[in-house]
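Novice: Sharing the record's features from TrEMBL:
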- 71-173: domain 'FAD-binding FR-type' (DOMAIN)
- ARG122, TYR124, LEU139, LYS141, MET148, SER149: FAD binding site (BINDING)
Amino acid sequence: LQTMSGNEDDWLALKPQKPSPSQCCGSGCKPCIYDVYEKELAQWERAKAKQDKSLLMEKKEQSNNSELNPDTFTAFNISSVEQLTEDTYQYKFELPGNSSLQLSLGQHIVLRGEVNGLEVQRAYTPISPGNAEGYFEVLMKCYEAGLMSQYIKTWKKGDMVLWRGPFGGFPYRPNKYGELLMLASGTGLAPMLPILQSITDDEEDETFVTLVGCFRTFDKIYLKPLLQDLARYWNVRIFYVLSQETSLEKLPQSYQGNTYMGRLDEDLMKTIMNSCRRKPFVLICGSSAFNEDMSRYLKTAGIEENSCFVF
């Protein structure tokens, strides 16, 4: 009997842990972390019923092949850390050989971190092109009280970080829409960039793009050189809405004509909508409050729900 109970403890130690609510990023991933747990639990129950631990091995091997996978977390090496603003960083991760993440547009990946013994998961959209070889880049904002931020702030070059994915995405096809209106607040810029770059990289794609970036001040605008480059294309316009900037005169000349002070409210939304060259399809990404406000203004402006996509 003694051996039996010892064996029982062994099996209990191998039993998958049920995820806590903080581990779910809430982005509607398929599979969600809870789906993965159910799958692993079923696998554990089968193995236990047959008293065969080798049946548990398949998931262990999976995570060592350094490829992104929706079911298991894979470790990636941080190859560079760049601070963009006081609280925003751009991280570059290494991919083995010349492999690429092969993300379709706007897809996100899920990061797993541990803070004070608590596991946390959050979704981020890489800003590098989906076919970038040998690396991918992620834009991250660190919040004072954020659990995940406390973990991210400790990162340095050479650290290994766990990612799973890809999930979601916006099913973009060249020339499917006459005009894309992108409404982004802060790091909500991230899913817009690969889509915008895929349009400018494709000479056959004649989609008009109007990107509206909402930031607190001019200093808080990320990736200015990249955005300035993109704005030079014939079919791209970029506007900035700065909620805490006090005077446009202080801004560089090249920003004065396309920057608004204050908030992106209903009136400004109408102005921007009226300046669109074709009836736009709208992409929205920001905080949940921002997303709700934008959806409401668009409704008032006569844009139906099926002409919007919220990341």
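Including glycine, each Cβ sits where the backbone N, Cα and C put it.
Please treat TrEMBL annotations as automatic predictions, because they have not gone through curation.
Owing to the predicted nature of the structure, the values given are computational and were not obtained by experimental measurement.
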Novice: Can you check which residues sit near LYS141 (FAD binding site), meaning Cβ under 8 Å from its Cβ, same chain, 6 or more apart in sequence, and list them in order?
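Specialist: Long-range Cβ contacts: ASP87, THR88, SER149, GLY186, THR187.
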Novice: Please list, in sequence order, every residue of the chain apart from ARG122, TYR124, LEU139, LYS141, MET148, SER149 whose Cβ lies within 8 Å of the Cβ centroid of the FAD site.
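Specialist: Near the FAD site, the remaining chain residues are LEU111, VAL138, MET140, CYS142, GLY146, ILE152, THR187.
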Novice: Please compare the binding-site residues LEU139, MET148 by how many other CB atoms fall within 10 Å of each one's CB, and tell me which has the fewest.
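Specialist: Result for the binding-site residues LEU139, MET148: minimum number of other Cβ atoms within 10 Å at MET148.
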Novice: What span in Å does the FAD site cover, taken as the longest CA to CA distance among ARG122, TYR124, LEU139, LYS141, MET148, SER149?
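Specialist: With ARG122, TYR124, LEU139, LYS141, MET148, SER149 as the binding residues for FAD, the largest Cα distance is 14 Å.
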Novice: What is the total of other Cβ atoms whose distance to the Cβ of ARG122 (FAD binding site) is within 10 Å?
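Specialist: Cβ-Cβ neighbours of ARG122 (FAD binding site) within 10 Å number 21.
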Novice: Give the residue from the binding-site residues TYR124, SER149 that has the most other Cβ atoms within 10 Å of its Cβ, counting over every protein chain displayed.
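Specialist: In terms of Cβ crowding, the pick is TYR124.
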Novice: Suppose you look only at the domain 'FAD-binding FR-type' (71-173); what would the mean pLDDT be?
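Specialist: Averaging the confidence scores along the domain 'FAD-binding FR-type' (71-173) gives 87.
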